[in-house]
Structures are given as C-alpha cells and as structure tokens.
Amino acid sequence: MKYDLIIIGSGSVGAAAGYYATRAGLNVLMTDAHMPPHQHGSHHGDTRLIRHAYGEGEKYVPLVLRAQTLWDELSRHNEEDPIFVRSGVINLGPADSTFLANVAHSAEQWQLNVEKLDAQGIMARWPEIRVPDNYIGLFETDSGFLRSELAIKTWIQLAKEAGCAQLFNCPVTAIRHDDDGVTIETADGEYQAKKAIVCAGTWVKDLLPELPVQPVRKVFAWYQADGRYSVKNKFPAFTGELPNGDQYYGFPAENDALKIGKHNGGQVIHSADERVPFAEVASDGSEAFPFLRNVLPGIGCCLYGAACTYDNSPDEDFIIDTLPGHDNTLLITGLSGHGFKFASVLGEIAADFAQDKKSDFDLTPFRLSRFQ
C-alpha cells in the first residue's frame, strides 16, 4: 500500500498531524520509535504553558492564536478533564526585561488581553508572590496551560477511530526519496508514501544528521505546595525572570504539588543514554531554588522530578521547511523548548502540506536557509 502521508515521530506535532490529515480524508501512517505518549521526548510531565502575547517574538502570535482555537476544539472531546485550562499566565521580571518588552509589544500589535501590574499590584493580587520594587508583571488573562500527554493520547485515539494506520514501538531507520515519493525503512519493513512529515523531536539527527539541531537535557520538578497555589484559589501559571537573566516557568499546584522548571541552561547531550534520570545530575533538585526562595518563598521541599529534552535550533526559533532537494518532505523540528503550545497548529500546517494547500501563515522566518 502507498500512503498519502507518512509521519515520522508521533509525539506532539506528529499526533496532531496524524489527526488533522486523517480527518481531511488522507490515507495516513503514523510512526514512532516508542508508544506515544511516552517519556523519551519533550512532551511528558503532564502540563505545558500556552502564552499568547509571545515574548519570543511577534512572528509567533498568529500561530499561537490559531493553535488556541484548535486547542479549544480538542478540549471539547474531554470536557470532564479539559486539555486546556484557562488559569491565566503572569509574566514576571525586571521592568527593563527584553522578554517582557516583547510580550508587551505582541499584546499591543495584536490587541491581546494583557494587564500590566507594578510590584505592589502583583503582590496585592497574589500574596504568595514576592518581587522586588523594580519588577513588573504582565498578566495574560486568556492564557493558561495544556495537558500535554492527554492531548497526544486524544489525537492518537481520534486519528485511529478515523482510520489512521499507526506503527508504534518501531523506529524509522532510514528515509529514501525517488520519483515515486518517499520510502521509510523500519524493523517491520518498508513503507511508501507520496509525502512525509519528519517531526522526530530530539533525535531527528539520527535520520537527518545535517540538520542544525542540538539536544539538551532539561529537568522540571514538583515542590510541596498547599491550596493557596491552586487554580481554585485563582493562582496563575507563570514565567519569571531573575535579575541575572535566568528564566523560569511554572504552573498552579495540583494535589499539593507545584511544578516548576528553568528554561535556560541544561546539559548538552549527544545520545539518548546521556539523558540520565532526574537527580543524577547534582544540580537537578536545587535548580529552581533561586526562583522559589526569592519569588515563591512559601513553597516547600522538592517532592519529585523528571528529565526531558529540548531540540534546540541555533537561534532557538522553529525549523519549518521542506527537506532541501525534496519538496515532498516537510521538516518540523528545532522547537527549542517552547513548541508544545503550537503542536495543534503545526499539525494542521503539516496536514495542509500533505494536501498541497498553501499555508495561511508566513513561515519564512522558520526556513532552514537562515542558517546558511
């Protein structure tokens, strides 16, 4: 059988692409080296932030707004346990923060619902938070967090119900191109398609070693917290920048545990076995202490944690482009630790590519050619 589309990597983007392409009537094969959702990539750990007024650059705002619409649609499949939780997101940092300036600019350009608070205003609204006098907060009322593993599980199930073929626990070992399309090699045999999407995450260079993607080991952890830090008490998700420039992110507490991670830093790795479990690097358990001690002093001890990986591009912007010399193969990689919130729209972009539809978005900033 020759498929319309083969998807290599069925984590966040691949799961979405499988669903949207199958829903569009295409004959699709989803593949993954493991059984998604799983612990081997960048999507585990239950939750991911979604921010609309994007501090990483205005070019992302149209994408994230479309992503939000798609997340809202997907959430309707799980109304008892919603995939998207509109908790709000407070972005904290020094008044002269470049990141916060970008958040403010994105909000102004796109007329987003963002409220600016000074230090006293932040601490009055959320007494659990402490910030210096020179800090400001930009509160995104309409943002919140996503249940990442539930989202992937839902997409995979919906795709399967719609007739999508799924080949999991079966790594793709090679990709070949010829006049007939794309052929993938796996332990289960060879499969052909007219087009392919490569969204293999951290270890995409095992297939395409020429790509400028660097895996980085990252950790996040859950700390003891009480009901004051919960969504029920209107405690928001957050990003926070310390005076030294370190960037943190976190979520409202659930079951008396608050999850937090550090966005910058981490350990550069070159193979999967270098991504050692949480606590095997001496700094893992204390990485969030500078933020917790200064900004959330009421949070207790570290309960448990996990390791994941970022697939970093050189400039930490996404790579969304066809494989050089092969216009029938789309790459979506280099998501650099801020990609999950876009998984829905990136999956839709992939499905449009498979149908020969022109994207509604300007993807020029994400081309591979910027690194040449």
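From the backbone N, Cα and C atoms, a Cβ is placed for every residue, glycine too.
Annotated in Swiss-Prot:
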BINDING   4-34  FAD binding site
MOD_RES   Cys308  S-8alpha-FAD cysteine
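Feature map: Swiss-Prot annotations on the structure.
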| residue | record | DSSP class |
| --- | --- | --- |
| Asp4 | FAD binding site | strand |
| Ser12 | FAD binding site | helix |
| Tyr20 | FAD binding site | helix |
| Val28 | FAD binding site | strand |
| Cys308 | S-8alpha-FAD cysteine | strand |
Which of Ile8, Ala16, Ala24, Val28, Cys308, the listed recorded positions, has fewest other Cβ atoms within 10 Å: Ala24
Among Asp4, Ser12, Tyr20, the most crowded of the binding-site residues [Cβ within 10 Å]: Ser12
C-alpha spacing of the residue listed as 'S-8alpha-FAD cysteine' relative to Ala16 (FAD binding site), in angstrom: 20
Asp32 (FAD binding site) to the residue listed as 'S-8alpha-FAD cysteine' - Cα separation in whole Å: 17
Neighbour count (Cβ, 10 Å) for Asp32 (FAD binding site): 28
Between Val28 (FAD binding site) and the residue listed as 'S-8alpha-FAD cysteine', the C-alpha gap once rounded to whole angstrom: 28
Between Ser12 (FAD binding site) and Cys308 (S-8alpha-FAD cysteine), the C-alpha gap once rounded to whole angstrom: 14
